[in-house]
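Chemist: If you scroll down you'll find the structure; I have some questions about it.
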């Protein structure tokens with residue numbers, strides 16, 4: 001029981017991180033119908049930028065952790081969002097209206113470029129960061145096992161929930177969100193009605209990248225090690241999460257992220273840690289077999 | 001698109017300036033600072049001059065591009081279209097010329113061992129590209145895990161030959177069959193899915209296969225892989241310096257002086273033959289009912305269904321056929337390397353093969369060759385540049401896509417069409 005609870009806590013933390021990345025995938029897919037393969041790399045850039053920003057601010061600011069983290073969070077979101085914007089502008093926008101596979105290949109190319117760019121500019125070695133937020137609360141204690149909830153885990157989950165709330169508010173209540181939803185439903189019609197489609201798509205990429213940046217910062221703090229290759233697997237899993245929840249659906253992305261995180265944590269807790277990626281993908285296949293549009297996805301109606 | 005807008009000097013300069021500014025902002029965190037890991041802790045180094053350089057490079061590049069546009073001197077972007085239009089008449093010729101050139105390549109005066117080796121590598125990708133072309137180009141199924149079947153082929157040959165001592169020529173068809181079997185087994189549950197769902201599931205399968213190869217120590221040797229995989233023989237004649245007892249080597253049989261080049265050239269011809277076989281198969285099957293059904297399915301699934309075709313079986317056959325050729329290519333890869341490990345079957349391979357198919361122009365056989373030369377051949381030459389190689393590779397993928405969104409040679413229309421068609 002204690003063990004299960006601990007895995008549950010770990011899984012939810014992991015799921016929050018995946019969910020934040022998954023939102024970027026699901027939004028971009030919803031609006032322009034492409035798999036943004038470079039999104040995992042954007043998250044990786046976020047992790048690197050946050051590490052750099054944190055180290056610089058603590059050096060200048062005299063080592064205050066709280067200020068360092070807050071500044072790093074803001075700086076990371078801004079710069080990573082800029083990267084996300086630039087990737088869309090360079091590699092995807094010229095391909096709007098091109099055959100369906102063209103943006104996908106361009107995205108894969110972009111992902112290779114970003115990965116190798118980071119490897120060259122920051123070195124291939126793993127970058128370690130000693131724990132920044134220490135301590136936690138002990139929830140339950142038995143003879144064999146102690147269930148603990150670290151402050152970092154609390155912070156990650158709270159921040160994710162806050163971001164989700166803010167994000168949902170933006171999408172459902174603001175003019176920007178309305179334009180976004182309109183573009184998602186019908187790009188051409190939205191353009192005819194005076195929505196600046198290009199700007200909406202850019203904003204989508206910017207928001208997605210900013211959320212991925214937060215995930216990058218969280219992972220840097222949570223695992224304490226990053227390298228230029230982390231974007232690939234996290235990207236695939238987040239995309240899996242998006243598909244699992246029903247691609248194009250925002251609550252679905254969150255739910256999918258949470259599920260993937262839980263599956264991974266429970267699987268590695270109870271079965272084997274080597275096959276945890278296999279477990280996530282197998283669940284995906286099973287879900288798609290019975291609900292081909294994901295858990296919360298709308299069934300696709302095909303008109304002739 | 002470019003020539004219609006008139007651009008003023010002022011506009012060009014502002015645009016370039018903004019470009020430079022953005023580049024500086026992008027470069028600031030990633031190039032301007034560098035993470036230095038020393039023994040004590042991680043620290044940050046500065047190299048802000050790099051940011052300046054990045055900004056200047058982008059500024060100059062952007063300005064040059066704008067000026068070219070202003071003077072109308074931008075190279076004609078429709079070069080490829082004209083090329084493929086003209087190729088229409090000469091395509092037949094061109095392909096024969098290419099086959100002829102490929103046949104004599106090892107004997108040309110300027111070719112040496114490394115060239116033939118590189119050509120072999122390119123041909124493996126040509127073959128894989130042609131195999132995937134059946135799935136993606138003809139049947140229109142997006143497969144992001146093609147490397148899984150390549151891996152199955154490679155491992156089945158490696159295991160069969162090291163365990164039972166069977167020869168390459170016995171194992172080759174078996175490896176193809178295994179891969180096709182995997183294609184059916186994996187494809188059966190997922191082929192109901194459409195488009196991008198299929199893509200992510202195939203990607204997942206690719207990763208699953210790799211993880212299994214990596215962790216099933218008893219069978220696959222884990223991350224260490226399998227080594228000592230036997231080399232192929234020519235009707236039982238091995239390419240060795242000295243024959244095993246009671247046998248003859250290739251060099252002895254033909255009265256040649258032994259040379260390591262013989263094996264390299266032999267391998268080259270094996271893969272050339274296998275690749276041409278794939279090509280011939282594809283060209284022929286396009287005209288058979290099943291091939292026509294693939295193309296019809298790609299064009300319109302609903303129409304197919306209403307005409308009584310069963311989409312699942314058709315998709316499955318395309319999936320299995322593509323997988324079979326990947327299996328052949330895989331067992332060739334295993335016998336050429338003599339050593340395989342899960343390292344060789346990562347997602348990036350799937351991406352490269354898919355890129356070859358899409359860059360070539362989906363469904364175009366000659367396009368696949370061109371794209372493979374461009375994507376695999378060129379980087380092989382620049383192997384010395386090591387880390388910049390993959391950077392250039394990814395950049396090339398993006399640039400080619402921007403330049404020719406429908407591939408180097410434009411996508412082919414269905415082989416057969418009603419009224420006014422070919």
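Numbering starts at 1 and runs along the chain as it is shown here.
Keep in mind that glycine also has a Cβ here, set from the backbone N, Cα and C atoms.
According to TrEMBL, the transmembrane segment annotation covers A:12-35, A:42-60, A:66-86, A:150-171, A:200-222, A:228-247, A:254-273, A:279-297.
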Chemist: Taking contact to mean three or more C-beta pairs under 8 angstroms, with sequence separation of 6 or more, is the transmembrane segment (A:12-35) in contact with the transmembrane segment (A:150-171)?
Modeler: yes
Chemist: Check the transmembrane segment (A:66-86) against the transmembrane segment (A:150-171) for contact, please; criterion is three or more CB pairs under 8 Å, pairs 6 or more apart in sequence.
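Modeler: These two segments do not touch.
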Chemist: Please determine whether the transmembrane segment (A:228-247) and the transmembrane segment (A:42-60) are in contact (criterion: at least three Cβ-Cβ distances under 8 Å, sequence separation 6 or more).
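Modeler: Between the transmembrane segment (A:42-60) and the transmembrane segment (A:228-247), which are separate recorded stretches, there is contact, as judged by 3 or more close Cβ pairs.
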